[in-house]
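Report on one structure; see the data block that follows.
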């Protein structure tokens, strides 16, 4: 699968990022998202595969979607027999977030990117549109820190694993009211906090690379993005755990103002989740034999530059990670829109 569609999924996120970047700074997050969705769907439908969206985006925000259950790829067309050999058919599950950090893109802030993860059919956890408590950490701390520990205890373990003083550690936390106690605990333990408004996939990724000055991600975010983060962290050998959150009193968000703990538990039960308190490891959220992750910066971020337009073209920076080839490739691409382009932007 890696050799067949690895390059093509890079183009999927590149096209989504370019389309969304045209709306960067214009204050309309829905248009930034819609442009990314349309571009991502269009490019995926040009790939020789039978793909199924298992993690879509937008339900909670009432935004445009690549909806859960949607089929994409040339081999899903009514005339697929003309193009696809059933014996060579690639069936894959796909998790997408065409514009992760829509507000970041809309207001020209760093950290927005187009992301997706793929695996063979059944290889990605079909997370419900709930919230998830998350813990991400570098490979050196894999299996040593634990989401069931207090933040203070995990910071002590992380300090030992990384051979750093606690006051040299930086923890990323989303700026939400529900995290006030967590933020205070991290600070009281002596570590530093980097607050972000959106985009915790990027923060989870940053934990796996030395030199980013990000050593952990803690807190509650969206469950679908948790699966995407887990796919990347599994491929990178980093630590990732997730635990679904179903209590509106814990989430503290207006989107769940009319929901109840009991109603959420019933919804999870209907979704086939019999243990709502289960702690999921990265290998359970992205369990496939082969897992691919791809991202392309829309605005400048921790790991990738954003889309840069120039006369007649654009330049993108992407990242593709594979469990099959055990690689993390940074891809710098010049896109030539104008056939009469007189020069290319080198940097």
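Heads up, residue numbers simply count up from 1 along the chain you see.
Glycine residues also receive a Cβ, built from the backbone N, Cα and C atoms like all the rest.
Residues 97, 100 are given by Swiss-Prot as Mn(2+) 2 binders; from 8, 225, 255, 262, that same site also lists 225. When Swiss-Prot records 100, 101, 102, 176, 177, 178, 198, 199, 200 as binding substrate, the matching candidate from 83, 131 it lists for that site is 131.
The two recorded residues, residue 102 (substrate binding site) and residue 33 (Mn(2+) 1 binding site), have Cα atoms 6 Å apart. Taking Cα separation as the measure, residue 178 (substrate binding site) is nearest to 225 of the binding-site residues 33, 97, 100, 225.
Among the binding-site residues listed (33, 176, 199), 199 has its Cα nearest to the Cα of residue 100 (Mn(2+) 2 binding site).
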